[in-house]
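Asks: Have a look at the structure that comes next, please.
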């Protein structure tokens, strides 16, 4: 398995800088009222906007460490991509801190399909490969660029966007967010793999296609 710490020092420095600056410059979640609040994910009895805190007396150094982004993701799927989340659900130490990161692995030709994050602005840095990154504004204007190692691209909060590997090798992106839990609505899955299903008459009218086309597309996502 390929480890992230083999990446060039400059790229690692840029990723660290993004992580440190995001809570200060881009914080969207409420500011914390204590030094830390390690999420107690097992406590579901207290309905709050976020997660209750683990007792401070039980907190150890390991609560501030997350190794999940060090391991290469498995891209053997329909899209040729794998998103490894580093949000509060995976890394409880992020609770109340207003920041998170994802690792996005892309096979050659792989796509992180069009999606949006309802609760966060996204800042991408290409660690490896050549990646086409683009988003569509609320005015239906398409903004995009092919980025290479060390280049960054910002995606405003709520904008539909994607990442496509256009290079001749695997691609790797680290994405950072100004939310501990940015959320993700993946457009093709939302439309064609929702449960319960979006009515065919809605999709045929919206997409201006026959019902047979809608059924065909839905069949492609039957396993999701």
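Backbone N, Cα and C atoms are what each Cβ position is placed from, and that goes for glycine too.
Annotations for this protein, taken from TrEMBL, read as follows:
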BINDING   102, 112, 117, 122  oxalate binding site
BINDING   115, 117, 122, 161  Mn(2+) binding site
DISULFID  37-53  disulfide bond
DOMAIN    67-215  domain 'Cupin type-1'
SIGNAL    1-27  signal peptide
Asks: Considering only the recorded positions 37, 53, 161, which fall within 10 Å of residue 117 (oxalate binding site) when distances are taken between Cα atoms?
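Replies: Within 10 Å of residue 117 (oxalate binding site): 161.
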Asks: Work out how many Å separate residue 161 (Mn(2+) binding site) and residue 122 (oxalate binding site) at their Cα atoms, rounded off.
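Replies: So the alpha carbons of residue 161 (Mn(2+) binding site) and residue 122 (oxalate binding site) sit roughly 10 Å from each other.
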Asks: Inside 8 A of the center formed by the CB atoms of 102, 112, 117, 122, which other residues of the chain have their CB, for the recorded oxalate site?
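Replies: Everything else in range on the chain: 83, 104, 115, 124, 155, 161, 175, 177, 182, 184.
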Asks: By DSSP assignment, list the helix, strand and coil residue numbers for the domain 'Cupin type-1' (67-215), in that order.
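Replies: Summed by class, the stretch gives 25 helix, 58 strand, 66 coil.
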Asks: Nearest by CA distance to residue 37 (disulfide bond): which of the binding-site residues is it, out of 112, 115, 122?
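Replies: Given the candidates 112, 115, 122, the nearest one is 122.
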Asks: Excluding 115, 117, 122, 161, please set out which residues of the same chain place their CB within 8 Å of the center of the CB atoms of the Mn(2+) site, keeping sequence order.
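Replies: The answer, listed by sequence position, is 116, 120, 135, 155, 159, 160, 175, 182, 184.
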Asks: Select the most exposed residue of 102, 112, where exposure means the fewest other Cβ atoms within 10 Å, treating these as the binding-site residues.
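Replies: If we count Cβ atoms within 10 Å for the binding-site residues 102, 112, the smallest count is at 102.
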Asks: Which residue among the binding-site residues 115, 117, 161 has the fewest other Cβ atoms within 10 Å of its Cβ, if you could check?
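Replies: Per-residue Cβ counts within 10 Å for the binding-site residues 115, 117, 161 bottom out at 115.
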Asks: Between residue 53 (disulfide bond) and residue 102 (oxalate binding site), what C-alpha distance do you get in Å?
Replies: 23
